[in-house]
């Protein structure tokens, strides 16, 4: 529906002003903070996307995904029997089998997500992208994080972008598809809004801010614009699309702020792993540290918390 996006205008000063206000929000304390942090844990896509990934560090990541917070800390909060795990484990296609086999051996049903479609640059032929997606699904990935071709956005080729995402959606089969917009490379907030709409029209289950490899990753202005697009798409179609900020989210305070922003913009119903994810590799460590402090009154030494 090109007519739907042709008249899009984003009031950048207003968005930036709202984003600055968000940074000043007071965070919650005490038991409320612990509750929000545990909610954040259940929405994390625990990620490793390094060139030196090996079966052993993927296995360690999977065990951490199953037990993200120390058992004694959960017992102190009376949350040890609530089945708290992260939402998914995210790896490169070549490491999907390692993750799937480890989680299966651990008796855990956490889904494995795989980046694909020429991640992170998107600068590969479409045929290669589709083959990579199909292989990741074949290896056992239940979620696929594709990345769009930024050039299609920057040159206004909206129909071409729609067709590429639609073909990727078809290649995913029954796997959930998260579409990474790489917002730091789209040039404007209006382009972010338009790309969000096109991605949803083409069948994306989630729209995601960044690969984590760009200079600028998840920011509040971008998050506001993407969530407003999700809200409008829901009003027009009745279909709920998920939102995933990723890249640069490292502290518990940032995680809570993103949760609060989603609650404000989209509502409590979006605060579930089915509709909200946090893409992070180091965030879980800080969340566990803050929960440790809440329970014990002191910060943990480095060796007291298992590596994520």
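Glycine residues also receive a Cβ, built from the backbone N, Cα and C atoms like all the rest.
Some features that TrEMBL has for this protein:
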type	residues	note
ACT_SITE	208	active site, schiff-base intermediate with acetaldehyde
ACT_SITE	244	active site, proton donor/acceptor
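There are 23 other CB atoms within 10 A of the CB of residue 244 (active site, proton donor/acceptor), with all protein chains counted. Applying an 8 A CB threshold to same-chain residues 6+ apart, the list for the residue listed as 'active site, schiff-base intermediate with acetaldehyde' reads 145, 178, 179, 180, 181, 243, 244, 245, 246, 277, 279.
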